[in-house]
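One structure is given here, and the rest of the page talks about it.
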């Protein structure tokens, strides 16, 4: 094996990342499947118009559609990283910022995907938990009375498939954190992010309500202001727990990030790029 080939092999991916990504193999296939599912959801909204098409905020009043929008952008960056990756010049891990190897276009797309996944994966998990949980209690809590239930296939594309493909991407095709080593303040950062998203969504739907005179989800109209605050606080906490559970599952499946191992890998990559292998 030549020095350049050995350097490429060392820098191909984060040492804990289970499968090769970005790549035109499984990674590219998963991102294509996800994007097809997301497209089908938006097409369903276009083909089955209702009062929300012409209302203030469009369908983006729904947390489900906000989640799919973020997921679409996330997987679009992932697919761009896959397309621009090259087997002959395999991208260095975008998480190893301290390494000497130059970043490629694919690296930047991959890093953007990983940062967006910090929001997209937990929020899709929360959407699935809340939607199917409330559906079990009373369908009328999440489906307006004048709207029909979507077909099962469309329902799954809206409320289950995004969570499944994003969890697969996070566990098998991503580093443990977008930067390496993992930020020691990760739990605090994700708590602030989750809380901000939850109450930002509350602020947004109240703006939509002031224009439309109705909420997207019937459950909001049944709650008092303080009860809505409690609901959004609970949703933010659930999103934070979901993010923590993803990191725990990642560690269980792939191992823990050790500073010593990362430093050794970075030194090896630097030696390989400089032709200093023993």
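Cβ coordinates are placed from backbone N, Cα and C, and glycine is handled just like the others.
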Residues flagged as transmembrane segment in TrEMBL, choosing from 43-60, 97-114, 115-132: 115-132
Where TrEMBL places transmembrane segment among the ranges 225-246, 247-268: 225-246
Any contact, the transmembrane segment (225-246) to the transmembrane segment (115-132), with at least 3 Cβ pairs under 8 A: yes
